[in-house]
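Participant: The following feature annotations were taken from TrEMBL:
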TRANSMEM  B:6-24  transmembrane segment
TRANSMEM  B:31-49  transmembrane segment
TRANSMEM  B:55-77  transmembrane segment
TRANSMEM  B:84-107  transmembrane segment
TRANSMEM  B:113-129  transmembrane segment
TRANSMEM  B:134-154  transmembrane segment
TRANSMEM  B:160-180  transmembrane segment
TRANSMEM  B:208-227  transmembrane segment
TRANSMEM  B:247-272  transmembrane segment
TRANSMEM  B:284-306  transmembrane segment
Amino acid sequence: MNKRHPFNRWLIVGAFAACLAAPAGAQDAVKLISVGELSGGGATVGTNFKNGADLAIAEINAKGGILGKKIEVTHYDSQSNPGVARGLIQRAIDEKPYAILGPGFSGSVKVTAQLTSDAGIAQVMGGEAAELTRLGMKTLFRTSFGQQSSMPKIAAYLVDEVKVKSVSMVWVNNDFGKGGRDTLSKELQARGIKIAADISTEAGQVDFAADVAKVKAAGADAVFVYLNEEESARILKEIRKADIKVPLIGETTLLGQKVIELAGEAANGVRGHVGLTTDAPVPAIQEFRKTFVTRYNYVPDHNGIKGYLSIYMIKAASEKMGKLDAKGLPDALKNLTILASKEPGILMDVTIDENGDLDRDSFLGEVVHGKQQITKILPKLKK
Amino acid sequence: MIPPLARLWQPAALVLAIMLLIALPFGLERYGIYILSLWAVTTIAAIGLNLTLGYAGQISLAQGAFVGIGAYTAAIMTSAGWPLLVALIVAIILCFAVGWLLGYPALRVQHHYLAFVTLAFSTLAFLVFRNEQWLTGGIYGIFGIPRPTIFGFSTRSAQAFYYVCLGALGAVSLMAWWLVRSPWGRAFTALRENPLRAQSLGIDTRRYTLMAFAIGSAIGGVSGVLYAPLVEFVDPTPFSLVLSLNLLLMVIVGGQGFFFGPFLGALIAVLLPEWLRFTKGYYLIIYALVVMLLLIWSPSGILGILDEALTRRKTRRASALRAAARPTLDEGRAP
């Protein structure tokens with residue numbers, strides 16, 4: 001008879017219990033904790049951010065670390081769930097890190113910002129929703145433009161360069177897409193531009209035929225497309241099929257490398273504003289991209305650059321203080337201008353303002369023959 | 001006969017577990033307390049589903065939506081200045097009513113088809129949470145949900161709010177304990193085992209099916225009412241179909257139809273991923289493998305294993321008694 005021992009089962013349970021102990025970090029290191037979307041709906045965002053941060057840490061550690069101390073990082077997975085992110089940020093704070101990286105989703109940032117602010121620990125994150133830096137948190141810092149910086153540039157571009165009177169907007173209904181849509185429509189209406197169609201789509205949507213039919217029926221002077229990379233490629237193909245001739249305008253994602261690869265011919269002629277791109281004609285960014293591709297075997301999106309920059313922002317602020325003082329770090333980051341000539345890892349000159357927003361050059365681009373070309377460099381707002 | 005000591009181990013283990021749950025926050029950091037609170041809140045939702053699925057046999061993929069309805073009720077009302085207790089009562093009534101309505105399809109369809117109907121409801125609820133921005137704050141959610149003050153004591157601290165969650169879990173458990181032992185609970189089980197026979201015995205299967213849905217959903221609502229002030233933020237993403245599937249997983253892994261099944265299932269669903277974090281990127285794969293192996297091993301969940309072991313022991317004991325009684329018969333048969 002096949003006799004089973006119930007105790008074997010409990011042995012397995014015991015083995016799991018034995019793995020409870022968390023690895024203890026060395027005392028004399030710069031301890032960073034990253035909470036990001038490593039699984040779930042935001043996995044691309046979180047993984048890019050993580051890989052970018054890991055790359056920067058490896059580079060800095062190879063050169064002796066920050067003020068002679070090596071950086072140690074622990075990555076936690078928020079599963080793209082704000083409730084989990086909150087718990088993990090709490091855990092991160094309990095572990096007394098030097099700074100916290102992430103999360104990337106604005107909703108997750110919003111539920112965690114109060115905790116890091118109460119603890120006085122700098123949180124260098126990837127969220128782009130306009131409101132994040134208006135919550136009055138003293139320790140929250142962006143790694144990219146917020147939508148309140150990028151959308152006015154798009155609106156100005158539509159009015160001054162493309163010279164449109166009406167725009168159709170297609171956006172993805174998550175905090176990223178909705179945030180962009182809300183900010184841009186306010187900017188457009190202020191400039192007297194009519195919004196001919198306002199079309200919300202789903203993350204992961206495959207069929208855009210109905211949405212494109214609506215865009216065609218609206219007959220606006222331009223179409224603003226604000227979707228994630230894969231969906232952008234799908235809608236571009238559908239738009240070409242429907243023979244829509246008006247300019248297609250986007251922000252960062254629409255002109256991304258991944259969209260160009262997936263959409264092929266359909267991406268040609270797409271124009272827009274690019275805050276942070278691996279295609280920027282900046283030697284340092286090209287160098288970063290090459291190193292990233294060698295290490296991870298894929299081309300990063302702008303989240304990869306965000307992760308990378310987060311580490312160099314922390315490094316520059318620490319060197320400004322001249323010491324590793326976690327409580328002093330948020331103040332050191334404020335009103336800090338980091339020059340690429342002094343700190344090449346920052347890739348482009350950047351100024352962090354009082355609220356944690358960034359100011360730096362950005363680009364206007366166009367896809368020509370399957371390649372993103374930068375047509376104009378928009379200078380920093382404040383010199 | 002079972003010796004009295006063996007009969008005592010169950011209540012003793014229960015008392016020990018309760019004492020442990022009360023004492024645990026003193027040895028934990030805030031993060032640990034948060035996870036424990038999350039466990040308590042999730043367990044409440046799973047207890048609700050266990051009533052609907054485990055006892056009454058009605059599969060539901062909508063429990064996450066009821067947690068959402070509860071959470072949004074609490075978020076909207078407490079943000080507007082209402083006390084959490086009022087929000088709790090409103091959420092219970094609302095979820096009970098919606099759950100009752102959702103029970104109607106269950107009168108016509110069963111099993112997979114019922115799962116699809118409830119899945120549709122779950123998606124519908126998610127769309128309402130996300131698109132009705134005037135009410136729910138849309139994709140931006142509702143931020144800054146206050147934690148309640150009970151009899152003058154603020155529950156702002158992690159520890160204080162943990163005891164609120166634990167207290168609620170205790171109250172819901174007691175209610176469920178009473179329910180499954182009452183004629184209602186027997187009627188639910190009869191409904192699960194053989195609806196036709198239940199009807200022939202005079203059980204109003206129609207009313208009990210609706211009731212199973214309504215009560216399970218109302219308990220889901222209670223869980224949501226606690227979730228909102230625990231996280232202090234609600235947005236639609238946590239209440240998508242994934243939560244309903246997760247709750248289903250908890251009930252099945254813990255052992256559906258066992259009273260303590262949801263407790264164990266939620267413990268595994270909330271804590272196992274935490275414990276496995278040291279494996280870095282592999283933790284979800286390992287978690288999935290563990291759950292799959294467990295279900296292949298014992299389709300009736302963890303408590304199923306225990307139940308099986310206890311039954312085997314009882315059988316062995318009974319066999320031993322039989323064997324002991326046999327020699328007198330064997331003597332006569334001996335050559």
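Placement of Cβ uses the backbone N, Cα and C atoms for every residue, glycine included.
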Participant: Counting Cβ pairs closer than 8 Å, which of B:31-49, B:55-77, B:113-129, B:134-154 has the most of them with the transmembrane segment (B:208-227)?
Facilitator: B:55-77
Participant: Are there residues at least 6 beyond the ends of the transmembrane segment (B:55-77) whose Cβ is under 8 Å from a Cβ of it, and what are they?
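Facilitator: Answer is 45, 48-49, 84, 86-88, 90-91, 94-95, 98-99, 102-103, 106, 111-112, 114-115, 118-119, 121-122, 124-126, 129, 135-136, 142, 145, 180, 185, 188-189, 191-193, 208-209, 212-213, 216-218, 220-229, 234, 236, 238-248, 257.
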Participant: Of the stretches B:31-49, B:113-129, B:134-154, B:247-272, B:284-306, which racks up the most C-beta pairs under 8 Å with the transmembrane segment (B:160-180)?
Facilitator: B:31-49
Participant: Mark yes when the transmembrane segment (B:284-306) and the transmembrane segment (B:31-49) have three or more Cβ pairs under 8 Å (sequence separation 6 or more) and no when they do not.
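Facilitator: In this chain the transmembrane segment (B:31-49) does not contact the transmembrane segment (B:284-306) - fewer than 3 Cβ pairs sit under 8 Å.
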